[in-house]
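The domain 'ABC transmembrane type-1' annotation in TrEMBL covers B:88-302. Annotation source TrEMBL lists transmembrane segment at B:27-46, B:87-113, B:134-154, B:184-203, B:224-249, B:281-305.
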Amino acid sequence: MKESWQYKTFRVFNVTILLLIVFATLFPFFNIVAQSFSSESYINAGEISLWPKGFNTETYQVILSDSMFWINYKNTVVYTVVGTLISLVLSTMIAYPLSKKRLKGRNFLTMFFVFTMFFSGGLIPNYVLITSLGFGNKIWAIVIPSAISVFNMLIMRTFFQNIPDELEEAAVMDGSSTYGILFKIVLPLSKPILATMMLFYAVGHWNSWFPAFIYFSEKELFPVSIYLRNLIKGAEASYGTGATNADNITQIASNIKAVTMVLTVLPILLVYPYIQKYFVTGVMLGSVKG
Amino acid sequence: MEEAGKQTTVTKWSLTKNSFIAFKKDWQLYSLIILPVIYLLIFKYLPMIGNIIAFRRFIPGGSIFGEEWVGLYYFKMFLSDPTFYKVFSNTLILAFWLLLITFPAPILFALLLNELKNQLFKRFVQTASYLPHFFSVVVVAGIVFEFVAINGPLNSLIEFLGGNRINFIQLPEWFRTIFISSELWQGLGWGAILYLAALTGINEELYEAARIDGANRWQQTIHITIPGILPTIVILLILNIGNFLAIGFEKVLLLYNPLTYETADVIATYVYRVGLESGSFSYSTAIGLFESIVGLILVFGANYLSRRLTDTSLW
């Protein structure tokens, strides 16, 4: 096939534009990484772009020796693990029955869930409910209100629907109960979607900060996102033992922020190459109407 | 259907009986839904009913449904509150520009990606562009702060080009630009996924036929590619219009400060401040309920219009 000169020009232009987009996407993040290894004087002089200047790892040492950072980081891990487990169990419990045509009231139940995507109680009624349940300063305030994402649940339901009925019918002949079918046949066949859902929920819980922000007042319970939030909003926070006086604090503040940001996204970056395809398939499944 | 209507009583009775048999035979399947339904009732529907405190006086520590009816007292209150009009118009302006810029951008991005012949390069661009989507909004806010900081890379570039350093984050006239750019930065790649999926679904034979007819690549794009992804565009547009007012509230909360309230303060952040910082629960619930209802009307309205005009709709 012959290409016109216009199309050839366009293709050169296209590759250039896309490279610029990639650069613009990655630059702000790489700049933070470079800052995290730079000394503050170069940062203040505005000299850091993609490569550290005055290379040092002191700021990492300061943050990593701050006990509050570790406490908060560990909290995030715990909230993420517990939250993801609860989300997975609850989502499976509703997605599986809704995937069965024989379930009476299936359409009504689906609407009952989908409606919450378009209308919600709003900030204040939710706050009043959660606090009056006594969830303040408790892990439940973080993991329960966001336990079921209807969007994720619909993706799971679509996947379950596509499992051939014959497999389950054969198990019924052998005398398996619904629970037996779910655990022995459906769930083992659903490993790809369970992995996708696990990642969807885990990333969501890892990145969450607002519930902890409004429901938690004890520093020892904060997730690392609040630790970071307090740093970047300049609120009073523990800057670690490395900073002994006020001058030192303001001096290393910019580094500190950069280091904390890098450490906060590090787990996401480490799994990113593996999870990317799961996320993409998940979104594609979700787009199938059903 | 007509037949069934005449035999209502019989049908009704056998329906209950059938349900009972189905339930008895399949109780394990039904037992699974109990916990999720209770969850939904308590954590999604109860707060919806909790909106009733917009019409009732609420005392912290008292009933979550308030103490006594006050009618439209709180609604009249916000309708005479000048700040409400300010945050309402801020919300509309920000939402309008956000939709205008962040909605078409992923479509263009997907179309550009679609023209790439080298699959490896295409993968690379996609992988890089999805990355910011996975960052926590706190990290994104941190990146924005550093990027536009007085000694940050953007200002260094401005200085290099001969301009003066600008303290972007404290200037109300820059807030919308910063906010929309950060949304674009975070969502461009991810937003293109569904369009890319739709693009791969277009029948290759259509392009063959067009080439035989002598259509160039531009004409093919206009007459085959765009119509091919139009249903996807419409569906996503409905969803976007439905979420029109639901601007990334958490991001605004992180990025704004009292100096930029003039342009940055939106309904959701105002509700947050009035409700959780000042403790006016009923008043802020009234404003929040107003926003939710407008949002609901927008979803149904957009869906209705789309069904009438394009035959594509969510339901």
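Using N, Cα and C of the backbone, Cβ positions are placed for all residues, glycine too.
Contact between the transmembrane segment (B:184-203) and the transmembrane segment (B:27-46) does not hold: fewer than three of their C-beta pairs are under 8 Å, each pair 6 or more apart in sequence. Counting residues 6+ beyond its ends, the transmembrane segment (B:87-113) has Cβ neighbours under 8 Å at 122, 125-126, 129, 176, 179-180, 183-184, 187-192, 195-196, 199, 221, 225, 229, 233, 236-237, 240-241, 244-245, 247, 263-270 in the same chain. Residues 91, 94-95, 98-99, 103, 107, 110-111, 114, 137, 179, 183, 194-195, 197-199, 201-202, 206-207, 210, 266-269, 272, 291, 294-295, 298-299, 301-303, 306, 310, 312-314 of the same chain lie 6+ residues outside the transmembrane segment (B:224-249) yet bring a C-beta within less than 8 angstroms of a C-beta in it.
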